[in-house]
Structure formats: structure tokens, C-alpha cells
Amino acid sequence: MRESVRKVLVIGSGPIKIAEAAEFDYSGSQALKALKEEGIETILVNSNVATVQTSRKFADKLYMIPVTWWAVEKVIERERPDGIMVGFGGQTALNVGVDLYNKGILQKYGVKVLGTPIEGIERALSREKFRETMINVGLPVPPSLSARSEEEALEKARQIGYPVMVRVSFNLGGRGSIVAWNEEELKRDIGRALSQSYIHEVLIEKYLHHWIELEYEVMRDKYGNSAVIACIENLDPMGVHTGESTVISPCQTLDNKEFQDMRFMSMDVAKSIDLVGECNVQFALDPKGYNYYVIETNPRMSRSSALASKATGYPLAYVSAKLALGYSLYEVLNKVSGSTCACFEPSLDYVVIKIPRWDLDKFENVEISLASEMKSVGEVMSIGRSFEESLQKAVRMLDIGEPGVVGGKIYFSKMTKEDALKNLKMRRPYWFLYAAKAFKEGATIDEVYEVTGINKFFLNKIKALVEFYEILRKQRNIDKDTLLQAKKLGFSDLQLAKALGVKESDIRKLREKWNIEPKVKQIDTLAGEWPAVTNYLYLTYNGTEDDIEFSEAGNKLLIIGAGGFRIGVSVEFDWSVVSLLDSSLKYFNDIAILNYNPETVSTDWDIARKLYFDEISVERVLDLIRKEKFTYVATFTGGQIGNNISKKLEEEGIRLLGTSGRSIDTAEDREKFSKLLDKLGIKQPEWISARSLEEVKEFISKVGYPVLIRPSYVLSGAAMKIVNNDLELMEYLKRATEVSPEHPVVISKYLNDAIEAEIDAAGDGKGVYGVVIEHVEEAGVHSGDATMSIPYRKLSSNVVNKMKENVHMIVRELEIKGPFNVQFVIKNNEPYIIELNLRASRSMPFSSKVVSKNIISLALDGILNGFGVDEFIELKPKSWGVKSPQFSWAQLKGAYPFLGPEMKSTGEAASLGTDFYDALLKSWLSSSPNKIPNKEGIALVYGTTNVEYLKIAAKNLIDYGITVYTLSEASIGIEEKSINDIIELIKNRKVEIVVTDGYLKHIDYEVRRIAVDYNIPIILNGRLGAEVTRAFSHPNVTYYEISEYGAGI
């Protein structure tokens, strides 16, 4: 029986941060679809401008405002919904729901919580209440005690005995959690742990060293019916956060009794918290005996549930939303299979592996070892019919330059067995690569198990891959049976070519000669045990026939996704994929998506006519084209991966949709692009190609420091650096040339004190439609970390006209057809071009939604029909839009927070306003942990660069009414405090905000680090600080639906 609700408010998760990523775009979108099917009016609160769900096709009304209780209350007051869903926006949404309930706001306006009740959520998320609940229902938990102060935590740890695990209540991604082996370690980190808890509570738990970690995904309706959708086995043992673990489904090493016992216990956990919808239950299993504990539960859609949904083909978020409306599991149809109800538990005839992706090399001083705090920024999911096939595919999907488990950089490095074992013991990311290296150098299974705790079942599989590869290398030739066996084990053509000393194309020719090709298999949730036809597909060599017939209809399109997220490639590229798909329906008979990211909307079952959940490579695209005969391949939505394969695809005779591979190569190669600008007479900073040290020194003696090193074919400023002296130059030039050794590195003069701006645009080879965007921070801060404004504020009309002329010239010269982005620096009223990206850009969802024109859709029209103009037409907004970066400093233990030309933010938020400061304030507040400072607290403002702006920020804060100090070691001329004084103030929770600028690690490392560890807002740029602090006193902050600002698409 459905709940009698007419209007439902859905709370989103806000900007992407470590441990709260695009899985909530997927889950929130599915919830909105489920509500719309019921004829229910939907209101969405979400400030994540990059997501698919913040497009008009999902919610009836959209508020891009901070996801906080006080902002959501304004929406409730305006819209008067009768229901609210808080389980589809991660921990952020749950915290907002709990606050709204505990403050009496939901009761005041008569808003019903749909799904799991708030009391159940609190029982799950408070470590103490959860422990008590488990004990009351007779479920085993590890020895543990809760604490709310540092002294209490130390006392409880003494009672339990070291080592202990500190778990944080009302928290995500294990933020602040630690393993302490002694009291000294606990004393050092417990203050940070308590600061990361929403309710200032931690659980001191006996540490279960090397125990196996398992997860069960449970659905439960309000009538008490339950179904276990997936069992996920973590290959990494307890102590490594599940978000950091390599995981596999179905579970491989459990016997039937173990599996069934924990299956029933997971349903008991769901019952104990009155779950309605979906939850994830985590267990610890003793590898040396039959003993297990319940660890925790997440009473909401989560990263694991998104993975389980994509792994099994069971639409968890959709079903969960239906259950929240009051339906039973028996009443809900599984729309993937189309033939079973939601009470059917999935059965798998394949193996799914998820591997996280880290970008730790972008951060200085960050702790590299994997532990109980999540640090990964994305993940990949592979599907195969053997562990080996699935694992090797997953390694390639990571896009870290490794061709598989064996045969890559680490495998052929000079690392000794002892070095490999040391890296394994340290828990460096991508342990399987070090395990393979250790086996290559003679390590035994027992030696690797001793330092990792990873089940020997998996280690034996990796060792067998090493042995097979080494035999291949010695043979230097291959027969038909061996080639087929290699492909079944997940070896790529490139991997085999390297082993045999031949070209990749030679292996492909052999496969074609011997008719060795992958088969297309479908995921139907039922392992073929029940009739079903699905569009959810993967490729495997462990099959004898294709599960589907291939359409001969012409005019077919393959859209390349962006793969696993990393810094610089996030949900904005998935928005581009879905936008292109929606826009292509009127042009193409058959459209398929190739992607492998389990977090995304584009990999959902009801988005494309066909979804190929598989690796993105030239080999795989050619396999698909051979079967499907696609007319076009679209690579411009695939981020850097798409651009990197575009030229090779074109060389293979594949037709690219939009701009040619030759033009993409010109734009991506820094030297070729710089020469193009010279040819067109377009200004750019002085530059030289770094081919020899002598040339570099000659150039620098001419232009002087600072200079900017810019490698080719990279995204998010990888290995890009401003250098100020010879020592820095030598250090970073080495790093840059390692990024892209086959392409020259360009060194250019860095323009100090310049404005940065960019243009998002669509071209048809002649005409251009574009949006001009201005950065708040000066040039030198990566565009992905910059605060952006539409419309521009400081640029003169003369400068903007020159920018538009330059862009128009480039479009004509390169015959740009499709979406693209051009970046400028403006110095002395002269625009200089610094970069051209011939693909969808990070900022395109923002610019499209602010000007109310989908640039991807516009670009497709230009590609296929043309614009009929030969000029630059500027798209302008009806209101102000500001986009702010989201940083995840608190998750990156030890990292030094600073901004530069290499991107460090993990997400973005945006808001609209009637003026710049209206939009800026809401946008900045949308990024965690930003908040309006309490006037009874203290602000800290200091720095040695942008000092005039820091002084403005200090004055604004004083006028606002808060006490302001500066750091005596980097003073701006107001009342000073020493570093030790400031650290004590932060620890005593007196500091409300920190505003600083520049790179001062030798002075203020401790100050910046403890500020983020204690969840204090920190602004790392003086110009932004001056603007945000002015916005604190802005009198007219609006909270309107986006259409009231004339925005949205």
C-alpha cells in the first residue's frame, strides 16, 4: 500500500568529496524516477551542479543551495512537501534529516520521513546505540566502548587493551578513524577523531588484525520482508577501509554455513534498525576459526550499494525508493530482468571486481599507506568469467599506465623481493602489482600472506598469472591454444605483444586469423536461470557464443565514457555522456555507451539502449565495432581517456563524431599548439620546448623566473608546476617528462598577478556558441580549484571581444566540431591563450545550467547540422552563477593544503543569485566544512602573498564582528599570535575560520594541517578570502528555485 504523499523533498549529497561521490547522483536519480512514476511532485535540494540529477529531466523543482538543515528548512517553508527522503544523499543527507527531526522542523511542517525512521538511523549511526542494539538482539560485536572526550577514550582503551580501532559516529569514509597500537598513538590522534564526529562520539574497539571483511547488501520493506542482494568480499583485511579495498562479488572463500549465517544476521541487523529500503551490513570473520562479528551498518544507499547494484543488475536505488513509498518487495518489479519481482535474490554467473583509484601523488606530505580512513577518489568495476580475467581488466581500467597485473612498470622495475614485500607491508595502493613483483622475484605465498593478510586463494591466482607470463616471455612465440588461454586469463593484446616482442597489431591479426574474439554476455540478475532480456552487457573470452543478436541498422553511435573518477575527471563528464545520449536519440537509430564506472548514471540499466560495462581501450572499441558496425564513435565525453585513444582510432579507420583526431593531437601536444597560436598571431606566454637542459637555461636567462612547466596529454594539471629557481626546475622537469615521454614538454613564462578566464563553447567548424567564465583567484590556481563566476566582473568588453575573436580563429583553423574549452590569462588588458581542450570540460555542466543552454546538445547540433553562422555568439545568463571547489583535505591525512597549477579539489558546488555575493556565499557554504563563522570565535588571517587582499579579508571580518589575529611568522600587520598559540586555540575549538595564501609549508604546516583535521573552514587564496568575507555581511541572500533565476536545463 503506497504512502499518500503528493509532494516529496529529496535531499542530495552536495559536492563530491572523498567517500561521498557520484554514487549519490546515480541513487538520487533513480529515486526521483521512481517517485515520478507514481505521479508524485518532486523537489530536489542539491548544490552539485555537475550531476545529472540537477538537470530538469529528473526533479520538478531544483534548489541549488547548501545541503544543510537551515537551508533545507527554507525550502520546506516555501514548498510545504508532505514527505522527505534522506537515504539517497549519503551521510550529508542523513545528517540533515536527523537535524531537521531533532530540531522539530519536520514535525512543525508535517513532513513525513519516508523509508527508515530517524530513530532507526540514529541506532545505526551512533556507535554506542548500534553496539547496544546488536547486544540486545543477540548479535556478536567486537569488545568495544564509546567515548565522548579524549580522557574517556584513553580510559576505555586501557580497559579493552591495545591495539584498538577508533571508529567515528555519524561520519563517512572512516574520517578521523585510526588504529592505535599504544597509548601514545591514541593520544596523538584522538582529538582529530572526535572533531570529525557529527555528535562528538567515537567507539573504542578491539582491533581485529588481519580478519576478513565482508559486506551484505540488504533490502527490507515495511512489512518485514527481506532479501539479500549481494555478498561482497574484501580482499584487503580489516584495518583497510572498505572504500580502499579491492573487493569481489560473489564471495569466493566462504563455505555455505558461513555465507548463510551472515546472510541471516544481516537481515537481523536490518530488522533491528527498522530498516525500510536498503542497508549495507559489514562483518569481520576470523580466518583461523569459525568466529565473526557485526561491525557496522549504513542505513542508506552507499558506495557499496551502488557497486552491488551494478555488479548484480539489481536496481537497488529504484527499489529502495519504491519501498520507502510503502510498497512490499513482492509488489515491485525488477525492471532490469523485466520478469521477476524485487524479492528475487540475484544469482551471478560471472565475477565482479572493484578496485579504488588514488591520486596521492598530487599531495605533499600525505600518508601513502592505506588504512581505516578512505583516501581514494574513484573506483573501477570489471566483469569477467574468471578471477584472473576480471582482475586484469580492472587493473587496465585504473588508467595508471599498467597493462594488467603483470608486464608493466612495477613488474619490470629494479625492485627486489625485499622491496616488494616492504611495499606490501606498508599497504601502498595497488598491492596486487607489488604481489606480482614479489612472486616474480621469488617470494612464496606464505611470505606475501604474512605481510598482507590477503587470503591465499587470491594470492595463488596472482602467482599463477606470473608463472604463465614468464613462460610466455621465454617462448617468444605463441600458438592458437596458448593465445586463447591467455585471453581467458585477461591478458590484453598489448600485454602479450610486450611479452613476445611484437606489435599489438600482430596479436590482433593472429586473433583474427584464428577467430579468437570476445563474446558479448548479458547481466540479467538471474544467471540465465529465468527468461530475461537485458541491455546490460560485458565482453569475455570465457564464453562460446554471444548472448545477443547485433542490429544491422545503420546510423549507430558508440559513446565513450570517462571511466573511473580521479582528480580532474569526475561526475561532470558523466553529465556530458548522458547529455550526449539524450541529444542523440533524434539523430541515431542505435546508441550504446562504453564505460566501467559503477558510481555513475551513465552505467545505469535504463539510460542507454545498450550499456557495455567494459574497459575503454583501442582494442575493446575495435572489438565492439567489429560486432556492432557503429557508424560513429564519440570520444569527446570521455575526458582524457577519450582524447588519448581518438588519434589511434582514427588511424584504424574509425569515424569520430566531431573534431578530427589530428586536430585533437594538435591541441593536446603543447608544442604543436603553441606553434599554431604563433601562426595565427594569437598571444600566448613566451615558451620553449624542453628538449635539452641548455635550451631551458637559455630561455630562462631571457624571460626570467617564474616559469610554468606543462607536459602534454594530461588532465587536471598532472605534473604541472610553477618553478621559481634552478633547483625547483631540475626537480620538476624530471617529474614532468616522466608523465608523457613521447611528447615534448613546454616551458612557458608564468604571468604574475594576472586574471584567469575561460570559454566553454560548441563549434561547427566555422561558427561558435560560447560562455565566458571569470575566475575569482588569480592565474596560477588550477581552473579545477578556482572559484568561477558567470557573468564576468573584471574583464573589459575590449578584452572579451579579443578572446572571442581568438576562439573563432582557432575554430576555423582546426575545424572544431563539438564541445571545447579555451583558457586565458589576462595581463595589462591583453588576453593570452594558455590551453585548448577539444572535449567536454569540467565546467560545462555549470556554464550550461547557468545560461540555460546545454552546450553538449548544442555541439551535437553543430556537428550534424551546422549552426549556419560564421561568428562567435555569446551565451549570457539572466542571473549570477558561482561555482566553488570542494576539497577533501581532512581525508588526506598529513597532506599540506595549498593551491597551485596542479588540481587538488575532488568536487564542486554552485549556486545562483541575484548578484555576485548572493551566489558566492551560498556556493562557498555548499562546500564542506564551510560555515558562517560564529562572532564569538576567532578568525586567523595571514600570509606573504596577496597581502593586500588578506588585509581586506581581515578588515571585512573585523567589520563582521569577529576577533581577528594574524600569525606572527607571516604577519599582515594586525594583532599577532604565535604558531603554538594558534594551535592551542584550534585544539580548544576557538578558531572559526582560517584565511591564508601561498606556499608556506616551512612556516605553517602545523597550522593548516590541524585546521583541516579539526574541521575548520580554510580559504587558501587571499583574493577569494576578500570576496567571501565580504559576502558574510551580504544583506540579501536568496533561496529560490533555479527557474526563478532564469537558469537550468
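Note that Cβ sites are derived from N, Cα and C of the backbone, with glycine treated the same way.
Database features (Swiss-Prot):
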BINDING   Arg127, Arg167, Gly173, Gly174, Lys206, Leu208, Glu213, Gly239, Val240, His241, Gln282, Glu296  ATP 1 binding site
BINDING   Gln282, Glu296  Mg(2+) 1 binding site
BINDING   Gln282, Glu296  Mn(2+) 1 binding site
BINDING   Glu296, Asn298  Mg(2+) 2 binding site
BINDING   Glu296, Asn298  Mn(2+) 2 binding site
BINDING   Arg710, Lys749, Leu751, Glu756, Gly780, Val781, His782, Ser783, Gln823, Glu835  ATP 2 binding site
BINDING   Gln823, Glu835  Mg(2+) 3 binding site
BINDING   Gln823, Glu835  Mn(2+) 3 binding site
BINDING   Glu835, Asn837  Mg(2+) 4 binding site
BINDING   Glu835, Asn837  Mn(2+) 4 binding site
DOMAIN    674-864  domain 'ATP-grasp 2'
REGION    1-399  region 'Carboxyphosphate synthetic domain'
REGION    400-548  region 'Oligomerization domain'
REGION    549-930  region 'Carbamoyl phosphate synthetic domain'
REGION    931-1049  region 'Allosteric domain'
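What Swiss-Prot annotates, mapped onto the structure for a quick look.
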residue: Arg127; record: ATP 1 binding site; DSSP (3 states): helix
residue: Gly173; record: ATP 1 binding site; DSSP (3 states): coil
residue: Lys206; record: ATP 1 binding site; DSSP (3 states): strand
residue: Glu213; record: ATP 1 binding site; DSSP (3 states): strand
residue: Val240; record: ATP 1 binding site; DSSP (3 states): coil
residue: Glu296; record: Mg(2+) 1 binding site; DSSP (3 states): strand
residue: Gly780; record: ATP 2 binding site; DSSP (3 states): coil
residue: Gln823; record: ATP 2 binding site; DSSP (3 states): strand
residue: Glu835; record: Mg(2+) 3 binding site; DSSP (3 states): strand
- Task: Over the region 'Carbamoyl phosphate synthetic domain' (549-930), work out the mean pLDDT and round it to an integer.
- Result: 92
- What binding-site residues among Arg710, His782, Glu835, Asn837 are found with a C-alpha within 10 angstroms of that of Gln282 (ATP 1 binding site)? none
- Cα of Glu213 (ATP 1 binding site) to Cα of Glu296 (Mg(2+) 1 binding site), in Å and rounded, measures 11
- Message: Which binding-site residues are spatial neighbours of Glu296 (Mg(2+) 1 binding site) here, meaning Cα within 10 Å, out of Arg127, Lys206, Gly780, Gln823, Glu835?
- Response: Arg127
- Task: Give the sequence-ordered list of residues that share a chain with Gly173 (ATP 1 binding site), lie 6 or more positions from it, and have CB atoms under 8 Å from its CB.
- Result: Ile18, Ala19, Glu20, His241, Gly243, Glu373, Met374, Gln891
- Item | Proximal residue to Asn298 (Mg(2+) 2 binding site) among binding-site residues Gly780, His782, Glu835 (C-alpha distance) | His782
- Message: Using a Cβ cut-off under 8 Å and a sequence separation of 6 or more, which residues in the same chain sit near Gly780 (ATP 2 binding site)?
- Response: Ile722, Tyr750, Asn752, Ala754, Glu756, Gly900, Pro901
- How many Å separate the Cα atoms of Val240 (ATP 1 binding site) and His782 (ATP 2 binding site)? 32
- Query: Whose Cβ, among the binding-site residues Lys206, His782, has more other Cβ atoms within 10 Å than any of the rest?
  - Reply: His782
- Have a look at the binding-site residues (Asn298, Gln823) and report the one with the fewest Cβ neighbours inside 10 Å. Gln823
- Looking only at the binding-site residues Arg710, His782, Asn837, Lys206 (ATP 1 binding site) has its closest CA neighbour at His782
- Task: Name the one residue among Arg127, Leu751, His782, Gln823 whose Cα is closest in three-dimensional space to that of Glu835 (Mg(2+) 3 binding site); these are the binding-site residues.
- Result: Gln823
